[in-house]
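Engineer: First the structure, which I've put down as structure tokens, then a few questions once you've had a look.
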Amino acid sequence: MVDGPADGADTDTDTGAGTGTGAGTGTGTGTGTRERTPTRVTLRSDLRASTVDGLIALIVTGAVFALLYARIRSRASSTATVMPFMADDPGGFWMYFLSQAFGWSALLWAWGTVVLGLLLSGARPAWLRIPAPRLERLHRTTSLNTIALIVAHALFFAAELINHDTDSWYGSTWTAFVESFVPGGYASGTGRIAIPVGQAALYLAIPLGLLFYVRHRIGARAWRVMHRFVIVVYVLSVWHTLLYGTNVWYDGWFRTSVWLLQLPIAALFLARLLRPARRSQRLAAPGAHPGSKAGWSLRLTGRLLAAGTLAVLLAVLITGRDGGRAEPPADTSSTHNHD
Ligand code: HEM
């Protein structure tokens, strides 16, 4: 568990259930009484609190890298089938495999932070004994680390592009920057869609995650409304992975597992919509709904979409049809691009 120095009694919450007030840390007076000075959770205090979680993420990334590298060397990895030139020279492409490893830890951390967020904003299960402030802090630190992991994933991809570019250093750096970070800059194969989808996830994650730290300026309500859309970041991340990850390129148990990992999220999301922690977010009968008709329709649509997603995931589980490619592409010999 991560313990930040400035937020020991933090009640400032991003759950939709909190007050958005900030809280206090005790300061000893030497007389046995403790004064409580209000402090606000800041980006700096949360960054400090993120260290342990960040170290664990790095260890996980290292382990995934070792596994991916070993699988490339033995040609067991499907990346080796999609891009055989990488398996011919694994050492020359280590940054690519490290980028893949950061991609997986980013996805795992995104999964964790979404689960925590949904546990906080929906009705919390009785068996979950961890106090809400701790869950909230963990939710914030895992969110910050998710953003860092995505950035590392994209940076190592860009570094790999530079590494294999024969242009001048500034020419290759510029090309790598455009291909990795500018929507539409990557102009070949599935990457034309998959890369902008990943970029959209990153560029949405930054404001939707970090606006929390300026909610006193924009208003707690405005922040809460915007933060709700963070689920879109997660959906884009999963879409990007299933579309472009060469380790989940083909049909098979690993790709199916990535789908199945989404079952708890879909179930929690549906539960959160059906039984939100905030009374005002409950769906009353059309006539009894306190807000506008459009708001009521939006809430109903959200619930139907969540139920539909759950049904699709169950269908993947039952049929085993995970949308993977059945055959290796005819020509896999060219560049870093894969179609
Ligand atoms: C600027 C944004 C991004 C760029 C440029 C980018 C780039 C790439 C590329 C080129 C691949 C293919 C690697 C392969 O051969 O498998 C890939 C795969 C992947 N990406 Fe991203 N990505 C971005 C955002 C994201 C985000 C937001 C996530 C998740 C939170 C993510 C997670 C993954 C995962 C899990 C894979 C599969 C790796 C594998 O198959 O081993 N990426 N990404």
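Glycine too: its Cβ is placed from the backbone N, Cα and C atoms.
The model shown is predicted, which means the values in this text are computed figures rather than measured ones.
Pulled these features from TrEMBL for this protein:
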- 1-39: region 'Disordered' (REGION)
- 17-31: compositional bias 'Gly residues' (COMPBIAS)
- 54-72: transmembrane segment (TRANSMEM)
- 92-121: transmembrane segment (TRANSMEM)
- 109-237: domain 'Ferric oxidoreductase' (DOMAIN)
- 142-162: transmembrane segment (TRANSMEM)
- 193-213: transmembrane segment (TRANSMEM)
- 225-244: transmembrane segment (TRANSMEM)
- 256-274: transmembrane segment (TRANSMEM)
- 300-319: transmembrane segment (TRANSMEM)
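Provide an account of the burial state, proximal residues and distances for the features listed.
Structural biologist: If you look at the transmembrane segment (92-121), the same-chain residues 6 or more away from its ends with a CB under 8 A from one of its CBs are 13-17, 57, 60-62, 64-65, 68-69, 72, 79, 86, 128, 132, 135-136, 138-139, 142-143, 145-146, 149-150, 152-157, 159-160, 163-164, 230-231, 233-234, 237-238, 241, 245-247, 261, 264-265, 268-269, 271-272, 276-277, 336.
Panel annotation: around the transmembrane segment (142-162), residues 46-47, 50, 53-54, 57, 61, 93, 95-96, 98-100, 102-103, 105-106, 109-110, 112-113, 116, 169, 172-173, 175-177, 179-181, 198-199, 201-202, 205-206, 209-210, 237, 336 of the same chain, lying at least six beyond its termini, place a Cβ under 8 Å from a Cβ of the stretch.
Residues 111, 114-115, 118-119, 121-123, 231, 234, 238, 241-242, 248, 283, 299, 302-303, 306-307, 309-310, 313-314, 316-317, 320, 322 of the same chain lie 6 or more positions beyond the ends of the transmembrane segment (256-274) yet place their CB under 8 Å from a CB of it.
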Engineer: Would you kindly list the residues that approach the transmembrane segment (225-244) from elsewhere in its chain, counting only those six or more residues past its ends and only Cβ-Cβ distances under 8 Å?
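Structural biologist: Beyond its ends, the transmembrane segment (225-244) has Cβ neighbours at 14, 16, 103, 106-107, 110-111, 114, 117, 150, 190-191, 193-195, 197-198, 200-201, 204-205, 207-209, 211-212, 255, 258-259, 262, 265, 269, 323, 338.
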